[in-house]
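As annotated by Swiss-Prot, active site, nucleophile applies to Asp455, with the evidence given as sequence analysis. Per Swiss-Prot, active site is recorded for Glu458. For Asp585, the entry in Swiss-Prot reads active site, proton donor, with the evidence type similarity to another entry. If you look up Swiss-Prot, you'll see Asn65, Asn405, Asn440, Asn586, Asn621, Asn646, Asn848, Asn908, Asn912 marked as N-linked glycosylation site, on the strength of sequence analysis. Here Swiss-Prot flags 1-17 as signal peptide, drawing on sequence analysis.
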Amino acid sequence: MKHQVLLPLLVTTAIIAGSVGVYTHSKPLLGQSQDQVLPPFTPPLQNGHIDLQGKYIVSTLDQVNATHINIYANYNGPEASYAMPKNKLITHILVSIVINDVNQLGIKITDRTYRHFEVPYSNLFPHDKVFNFPANNQFDITLPKRGEAFYLTIKRKDTGEVVFDTNNQFFVYSDLYHEFTVAMQNEFIYGLGERRNKQFLYDSGEYTFLNKDQYESVADGHPDQQTYGTHPMYLRRENSGNFHVVFLRNYNSIQAVYSKGKSLTYKVVGGLLEFKIFLGDKSPETSLKLYHSYVNGFNLHPFWAHGFHQCRWGYKTSEMMTTVWDTFNTNGLPFDTIWSDIDYMKDLTDFTIDTSRYDKAQMNTMLDRSVAAGVHWVPIIDAGIALGDVSNERGKELGVYQKSNKTGEDLIGCVWPGKVNYPDFNHPLSQEFWAEGLMNLTKNYGITPSGFWIDMNEFSNFINGEISEDQNCIMPGDTTTNPNYLGNSVEDFYTRIPFEVGGADHPQQEKTMSYDAPKYNYADAKTVYIPNYELREFDFHNLNGFSEGIATNYALKKMGNKLPFIISRSQIAGSGQFVQHWTGDNGSQWDFLQYSLGEIFNFNMYGIPMTGADICGFAQNTTAELCARWMQVGAFYPFSRNHNSNDTIPQEPYAFPDSTYVLDSSKKSLRLRYALLKQYYSHFVSSNGVGTVFRPTFFNFPDDASLLTNDQQFMIGDSLLGQPVLVQSATPARFSHSSYLTFPSSGAFYDFVTDVATLNAQRYTNANNGQIKNVKFDDIMPLYIREGYTVFTQLASTALRSRLLDSNFELHVALAKSGTSYTAKGKFITIQDYSDDNLIQKCIGANNCSFDIQVTGVVNGANLDLTIQIAGESAQTNFETINVNKIIPYAADLKFAASTATFTISKNGTINASIPLQAAQQE
């Protein structure tokens, strides 16, 4: 047993039914009456740490081998506890340092006498993939001597720069609370999420890692602005220009106190202290790819999901949805998927469809993808299962619900349908229960989803803790209060702790289930099994949404979806192998539009690149100008979806009859997305689950210090630069806005136009910085192709669905001059069929369908002669024939007379082509 609890715990017994451990409870936790209300409690460490009288003194240094050392240290002070009597001070610690690869190092701090919650080393969770243990590595480690206080200093060997330093920093390791500080050598730190930052580069403040249902949260340095996910990693740029990633492998509640450019303090409530350090080079991608591999990378989403999505809370009937579908089609707006919020459910209950409002025939007409107009459908699913529903009874039969430590029965929370039970996704039958429920949408109602949107999965709860069966829920908008809910009426060991993450305004036990709720913890558990340990919500909370994502992924595969598409609100480091993400409830305000790029940058760093923000904003009424600008940039989010609340005005692109520029801009922007769709998607395919796709500009130009704080433009891969308008026009009557150009200090870019090929586009460099570009409300945002790179596009003006795009392409070649020749390079994929089956068979894992393209041009009289080299990424690259119907060239000192040349790509080899020059350019 881990905790020496001052309160009697529930008696837990295992009743074996087949191979499943069924856990029951013999009595409630406390003998106190359930109407006892305790006085307010302030955790003793809430306003800062309490100094220790002693330190952890090294007793033994055990050199296991050249790349593994153990440090044993003992606390030499008089204290037996820290901050409060029940929080035992851990007096004997073991620090294990292992270098498992030339650029990867692990630090694990454990106690030698008490058992803490430890994230398993299973395929579900982050774990090492490489075990080279090289004696010749990139790390220079300074350790204390015997008799000295414990510390660590880790440097990059070739530059001598410090990457991890705890010397002279406060450190405490106790039963319920750890505090650990790392010195920062400069201010260039990114990551630490999930959160919605005012800027991509971090400012000083307190930042919380706790999966929480928190509406329109914006991180401002106060600890109460947590959001839906936990990613305790950061990317730091060293003074030499090299990058590294540090990850804290802990999924308990954490609060980080950052002093800009000075230090980062981790305040950790439970679990272990385990750090992983990944040394990269001067490209941020290098260290991030190492990190992504460690957290198991990201799975590929289906091609159709890369199209545009339309959603709102407020599509109350299938007739409303078909009207949206019809109007999109009539206006020539490309889109692939229509979504349903909770409106489609009967009585807001999971696994049901209200057939009085959602007509099967209407829905299936819309979802008939055997005809050109058919689309996909993605409905929302919440975590709570309504009491009294047939699905709830099925869950009770299987015994899969979360138990209450206070009543011994299924824990009762409150969400949209009222009283609910939550599945314990650690239970071995939970995945089958969940799959059965999701499949009932087809089995019982004859309507088949293509993916799922899993929401409220932190788990969210409209009350704090739980209620008993004879109590009523307080729902949003209710003015009554009930202080006697079980979650806050009796003392709970797990809510009266030394430090509470989130601060006084939004404490960690707010809006979720009781932290003392027991989790299934037998050998057949689905997510976590910790032998001889009392596994509770206290430790498992941040894993709820992760575990539901695994179950939903399993369900979709069981339904025949080879590449599951799941948009999950809650996520952790490692969720990308199962789900995708949207950034949650935002506001229809210019600020939220500006924040959105940084949010998506973060999730590309976290390893969940298929992420987007609610386009035009979720809450409050949008405006025509804001929606037009948001559609311009949102059309290029990895996950692109317009979504708003039921109490706001319609904001579909066509919903502004007095401001037709919204429709015009949306149509142009979405058609450009679809023209680029296969090129954009190819970045996800060829990445093989690691690296970023939608990234800040400095990722491609890391030596340009002026870009390190620029979060108002983006790169898609290596080749496309977007400079959206993110501010309101000062002169809206002109229906345009003047933006200042900002380009990297090296390289050059060209205006990028598709649909109508434009020759001799304008070239831009940093010499153009500060110049003004006028961007109209009805236009596409400024988009540029990078000199030295290629981009494949398609004529997408008539293809309103991704599956209608053919295998004919135009090749844009932005040539960089090198001596007397011109060069460009790129990457693409070689398939015609973008179905799940073909992608899996030809492109994923050990399979490969990516090729590199290298273009070299030489002026030859009246032409620019091009040599195009095609090389598959591996000897086994699968080629399907694709057609290039036109080459569109760009070059700084050449003027082209036409864009010509037609060829096919079907194998490795060399292709020759010529582009005619204008007469004045001919030699």
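Backbone N, Cα and C define each Cβ position, glycine as well.
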Using a 10 Å cut-off on CB atoms, tell me which of the glycosylation sites Asn440, Asn908 is the least crowded. Asn908
For Asn646 (N-linked glycosylation site), just give me the three-state DSSP call. coil
One of the active-site residues Asp455, Glu458, Asp585 has its Cα closest to the Cα of Asn65 (N-linked glycosylation site), namely Glu458
Out of the recorded positions Asp585, Asn621, Asn646, give me the one sitting nearest to the residue listed as 'active site, nucleophile' by CA distance. Asp585
Have a look at the recorded positions Asn440, Glu458, Asp585, Asn621, Asn848 and say which one has the shortest Cα distance to Asn908 (N-linked glycosylation site). Asn848
Integer Å value for the Cα distance linking Asn586 (N-linked glycosylation site) with Asn646 (N-linked glycosylation site) is 14
Using the structure shown, find which entry in Asp455, Glu458, Asp585 (the active-site residues) has the sparsest Cβ neighbourhood within 10 Å. Asp585
Taking Asn586, Asn621 as the glycosylation sites to compare, which has the smallest set of other Cβ atoms within 10 Å? Asn621
Within 10 Å of its Cβ, which one of these glycosylation sites (Asn65, Asn405, Asn646, Asn912) has the largest number of other Cβ atoms? Asn405
Long-range neighbours only, meaning 6 or more apart in sequence with Cβ under 8 Å: which ones does Asn848 (N-linked glycosylation site) have? Lys842, Gly872, Glu873, Ser874, Gln876, Thr877, Asn878
Do you know offhand how many angstrom separate Asn912 (N-linked glycosylation site) and Asn646 (N-linked glycosylation site) by C-alpha? 57
Would you mind pulling the DSSP three-state label for Asn912 (N-linked glycosylation site)? strand
Cα of Asp585 (active site, proton donor) to Cα of Asn440 (N-linked glycosylation site), in Å and rounded, measures 28
The glycosylation sites listed are Asn405, Asn440, Asn646; by CA-CA distance, the one closest to the residue listed as 'active site' is Asn405
Using Cα coordinates, what distance in whole Å links Asn646 (N-linked glycosylation site) and Asn621 (N-linked glycosylation site)? 10
Between Asn405 (N-linked glycosylation site) and Asn440 (N-linked glycosylation site), what C-alpha distance do you get in Å? 31
